[in-house]
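Undergrad: Below, the features straight out of TrEMBL:
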type	residues	note
MOD_RES	25	pyruvic acid (Ser)
ACT_SITE	25	active site, schiff-base intermediate with substrate
BINDING	57	substrate binding site
ACT_SITE	58	active site, proton donor
């Protein structure tokens, strides 16, 4: 059996643009994509901290260091410049692969410049027994 697991996350990015007339997707500063282990045209999930909107689409790269986070097409109705979002990428993993999974979390400032990158071990509170 395979499980869908989070493999990368851009935490608290700021939407810089929303382009209703573009075909679709989310445009992300390529430096952020690389750090979060997101490939061009990979499916991602975006959640708005303003209104709890959840949107799934594919990622396309913006120039490295640009800080660009642009929701294209229909989600431009749901996300606005200045909104804070979380961008997640996921992968399918079998039970053996999960044991070695270390999701990357990319933290950014208000200009979407990287402040830190953490690689998380899968861990649980001590009081929770996990098989």
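Placed from the backbone N, Cα and C atoms, the Cβ positions cover glycine too.
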Undergrad: Taking the Cβ of the residue listed as 'substrate binding site' as centre, how many other Cβ atoms lie within 10 Å?
TA: 17
Undergrad: Does the residue listed as 'active site, proton donor' have same-chain partners at least 6 apart in sequence with Cβ under 8 Å from its own Cβ, and which are they?
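TA: Correct list: 24, 25, 26, 41, 42, 43, 44.
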Undergrad: With H, G and I counted as helix, E and B as strand and the rest as coil, say where DSSP puts the residue listed as 'active site, proton donor'.
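TA: Note: the residue listed as 'active site, proton donor' is in a strand by DSSP.
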